[in-house]
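Colleague: Residues or ranges marked as ATP binding site by Swiss-Prot: Gly332, Pro333, Asn334, Thr335, Gly336, Gly337, Lys338, Thr339. Among the features that Swiss-Prot reports, domain 'Smr' is placed at 711-786, with the record citing sequence analysis.
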Amino acid sequence: MNDRVLRVLEFNKIKELVKGYAITKSAKEMVLDLKPYDSVYDVKEHLEETKEALDILMRKGNPPFEGLYDVKEAITRAEKGGVLSIEGLLRIGNMLSVTRKLSDFLARKEEEEEHRILEGMREGLIVLRGVESAISKAIVSEDEIADSASDKLYSIRRSLKEKNSSIRDKVNSIVRSNAQYLQDSLYTVRGDRYVIPVKAEYKSQVPGLVHDQSSTGATLFIEPTALVNLNNEIKELMLKERAEIERILAELSALVYKNIDVIKVNFNIIVELDFIFAKAKYGSDLGGTMPIVNEEGVIDLMDARHPLIPKDKVVSSDIYLGREFSTLLITGPNTGGKTVTLKTTGLIELMGLSGLLIPASENSSISFFEEIFADIGDEQSIEQSLSTFSSHMTNIVKIMEKANNKSFVLFDELGAGTDPTEGAALAISILENLRARGCRIMSTTHYSELKGYALKTENVENASVEFNVETLRPTYRLLIGVPGKSNAFEISRRLGLKDNIIEEAKKVISTESLQFEDLIQSLQEKSIKAENDAREAAILRNDAEKYKNRYKEKFERIESVRDNVYADARREAKQILDSAKEEADTILKNMRDLERMGISSDARRKLEAERGKLRDKISDAEARLQKKKEEQKGEELKKIEVGMEALLPSINQKVIVLSKPDNKGEVQVQAGIMKINVKAKDLRVAKETKEEKKIKKREARLNLRQVDPSIDLRGMDSEEACYTADKYLDDAYVAGRGEVTLVHGKGTGVLRKAINDMLKKHPHVKSHRLGEYGEGGTGVTVVILK
């Protein structure tokens, strides 16, 4: 596809909008490289992947991309065997975490619809729990290794804390004993060594090493001799800490290198998923649909909207071309909205052929074209000193050199910028030449000659954009089959031109021309009325179809529930009777054995006892059946309230009461997705089953496990981070967590401030603080919940 048409139809603006939904830099680059695909197979596959992603968005919400960064640079470094930075390892760890979460997110349950393309991509994801766990255990933030990264590091840092505590006690003692010689009563640190601010004139009173001085020279920063050994010990521990951190980074980098091929594959799949879901999110916000793609040159767009015009201002139109006619001429006055229709059609074609959902109703069709050409707008170059006509003709010449039967050609004001008679003749000749090649053509014009050409030429159709003479503005609704009317006289009258001048002008025009314009106006009025009638009929037809399907679904649901209830009852009754029969057979066998033993007094007693057992067993079976019937019937409701839960025995299902009893004694209830009317006296008290109680208890136990003790907000803007944190705090509070950690990173501090402001007003928060050394420092906030 030529770059000029992408620019002229503003496809680049669409890509910028889609890019805003992508997360990784690599996915954003994929969006910017997006253009129509070269084969109809590729077009259909990429549309299908976008539709699958939209289905998942609608059913499951946004995919778990939180905390994902582009790790292309880190992977490149790891491939060469280099040691990765803390930040690089953290990002790879986050990417592996996203891999695991995405694999779970995209897993299909049995009852869910199949998503062939995305499920195939999911199968390519390989979860590396060991690598992910090793990195997350060792790294706290972009610049901090956790104490628990190794036993040695833990030991070193514990010693560091002890030494720092000792030296602080020592230095405070020195400060107190030398207060008269000091510029300030506070110690400070220079070059990782504790020093005190001594007045220059008293330097001999405080023996030690001078490390620095103030800008005025009045203060010397001296390391007292008594602190030298302690400072040396701290320095040694810091060197050991640095060496251990470098060893840990090298070890983790080696682990990444060992799994680099899998990590690369995972990252490439995640980037592609990021790209696909960006398309789907844009399509969702646009209200887009997946078009039907054909190769016959047929365009059939229902309720098509220009995607760059705000929703509250855009007007939809039905646009079709390629079945009854191959060329559509949109005629009418300048500034009449014709160009918008032209751009809408071309841009929707580009979007669909690039795998994007289109702003049109379901079942709209686009055609696969090898090339789309457009001559729209006045793009002449001042440097080239080209006139409007010359500029357009230069573009048209290039189009004529390349267009074929697989091309869609768009002309804006074909033949304009020169003598009207010559321009119209040239336009007709160009259209005829392209039609002979089999091109599909849409062109705008205000020449009357082209209206006549369309009326008398086979496979060429007139169209116009409806114009409101009262407001002097186009409505932007396309009327196919009706040529455009200039409205020059009526517009002039509305603007205040005197009637006598208008009447004189009409005398100049031939009677045939005036009659033709009047005929056009009549056609427009009839076309608008017919279109409005057709729309109303379509709405009524759709409503009727919805009601038909809704009641059919209700009937099938009731039939299914009733059959299931009967089947369950028969099955349970059979189980009870089978059990009773089995035990009765055993008792009868025992009785026959006793009879064979003879009729001794002892045998008679045993025989009578077995008969008693048989009677008891049969009575018990009958009682159980009766009890089951009573249970199914349930306790009658004494009072009916709207919103209460009740049992409807006829379908053996719990329902929600939606209305009070009417004069017939009926109430409306909701059973699942159905709303039905039943007798109030048929409702029973709904009791919670043992199984439901078990499920609730099990869910309560699982809640705590399902909410992580921390959440990563890095990479989000303030608004998204506050929203995500707010939802997480709600979940953590419900799950019973007492303390959680919000990871926001250090950065510029903007995100940290926004989170802090949100926490001050949050109803579940008891208190909060910044993390301490080893917890993530100022890169995290620890929250205590109420």
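Backbone N, Cα and C define each Cβ position, glycine as well.
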Colleague: Pull the DSSP breakdown for the domain 'Smr' (711-786) and write it out as helix, strand, coil residue counts.
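Modeller: The counts are 32 helix, 19 strand, 25 coil.
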Colleague: How would DSSP class Lys338 (ATP binding site) in three states?
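Modeller: The three-state answer is helix.
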Colleague: Looking only at Gly337, Lys338, Thr339, the binding-site residues on record, which one has the least crowded Cβ, with the fewest other Cβ atoms within 10 Å?
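Modeller: Minimum Cβ neighbour count within 10 Å, taken over the binding-site residues Gly337, Lys338, Thr339, occurs at Thr339.
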